[in-house]
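Per TrEMBL, these features apply:
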- 6-25: transmembrane segment (TRANSMEM)
- 221-244: transmembrane segment (TRANSMEM)
- 250-268: transmembrane segment (TRANSMEM)
- 289-318: transmembrane segment (TRANSMEM)
- 330-355: transmembrane segment (TRANSMEM)
- 381-471: domain 'CAAX prenyl protease 2/Lysostaphin resistance protein A-like' (DOMAIN)
- 395-424: transmembrane segment (TRANSMEM)
- 436-456: transmembrane segment (TRANSMEM)
Amino acid sequence: MNSFTFILWTGLGVIGLVLFMKYRVATIESNLLDKSEARKVSIDFMKEFVGLDVEEWDVYSVYWYDHETVNKLHHLGLLNKNRRILHEMGLVESWRVRFVHQHQSFVIGVNTKREVTFFYADVRQTSLSKKAGQLSPEGLKDQLTCSSTGLWAKTKSTGSGSKEEDFREINTYWYLAEKEDVRLKVTVEMQSGVITYIGTDTEILTDKMNKVIRDEQVESTFGISGMLASAAAMVMAILVLVLMDVQTQIILSLILGLIIVLVQSLTIKEDIQLTIVNAYDARMNVQTVRLLGMLSTMLAGLLTGFVVFICSLAGGALANELGLTFLDRISVQFFIGLSGGLISLGITSLVFFLLERMNRLRISPELSNRSMFLSGFTLRQGLNMSLQSSIGEEVIYRLLMISLIFWLSGSTMLSILLSSLLWAIMHQVTGYDPRWIRWAHLFVFGCFLGFLFVNYGFICVLAAHFIHNLVLVCMPLWQFKLQRYIQTKKPQHTSL
């Protein structure tokens, strides 16, 4: 690489990064409580409404939002109109907090207004304490209300009922909260004066829901088609290795497979915490859940790593057989790949920004820098996502699929176009409306990656995909940490 080429790729990469930082997708307003605040709200709720002090119990917390409702509102064009309502009702920017102790478990949902909007007691009903007196529906609502703009202030009592289980009377209260285009049906169950359940059922007030559901089904069908293509590629890889007399790059394949296995283990802690909060069963102890979580993570890593190993073995053999650039000049490939990934990121951000300005595209806003940090997202998670997607997808759709289609058809152009099409439709595009624009973008991006692979090599396209994903998912975290560092370093001026 001569000096001019080096300067050109460096300059384009820097321009791409600047464009991304300037025109990246809009973020939602950050009202998320700090994790410690959400836990304190949960502890206070347990003391007041359940009669238990859970301060010394094991506690697990994860960020939560109702992605199904948010996605549907987005595709109906109603998300911005209802965003404030979603915050107040606890459908976005919320926490799920689970307390666990001696085969007893409680999970609590806390919204931005410090209100409890979800509660489930995973215990034997007979083990719960009793409280004297019985609250009326309105009296309970008043006690649960913490803000004049929160969920409970919006609710109206719609009825109540009672039944008897295990010689205990269970009272059920029903409430309805309706604002703008969102209706929330709230159910509260009480036993002997103690709350045992708070649940919600969300409804969007529109007559266009059928179209949204149909579009979701089309997207799922496309996703299945892309996955079937991946499975077919795996079968073809095995056939290539068995039937053809080819020279394999076993060292590279082993390295790629091992990387997949190792990065899978980076997020074991977060994966286990997510499992405990969302799917813990009090009949099991936490140690068993941890062990099962570790085993499932390891097995998933081994399975994915094996697929990558086989596909890269066959793809590399075909690339060598066809004379494609593969591992030549690795340092040059890596540098061009990094620059290429940043260029694509910047151009994508600019194009999406312009399309939004022209009202041709709606993109669901992302988490703000602050919310991303408070939610507990880490660099390890970013590395896991970026490495798994870049290695897995580039091995299957570029190294193997382009080489295989080129070997069968003799056309480089056809191999790039077809592999890019299958790669594009494999992706979920729920955050974009209309969806076809996102698929078109992925197709063009796939063609760009195919161009890099054919002209520069596999390491180049791997680096491009990796840096594109890493910057995309980790930039909010880096920016928030940098801003916080700068603020702490500012001199404090005091007047005498």
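Here the Cβ of each residue, glycine as well, is placed from N, Cα and C on the backbone.
For the domain 'CAAX prenyl protease 2/Lysostaphin resistance protein A-like' (381-471), the number of residues in each DSSP class (helix H, G, I; strand E, B; coil) is 78 helix, 2 strand, 11 coil. Looking only at the domain 'CAAX prenyl protease 2/Lysostaphin resistance protein A-like' (381-471), the predicted model's pLDDT averages out at 92. Among the recorded stretches 6-25, 250-268, 289-318, 330-355, the one sharing the largest number of Cβ pairs closer than 8 Å with the transmembrane segment (221-244) is 289-318. Among the recorded stretches 6-25, 250-268, 330-355, the one sharing the largest number of Cβ pairs closer than 8 Å with the transmembrane segment (289-318) is 250-268.
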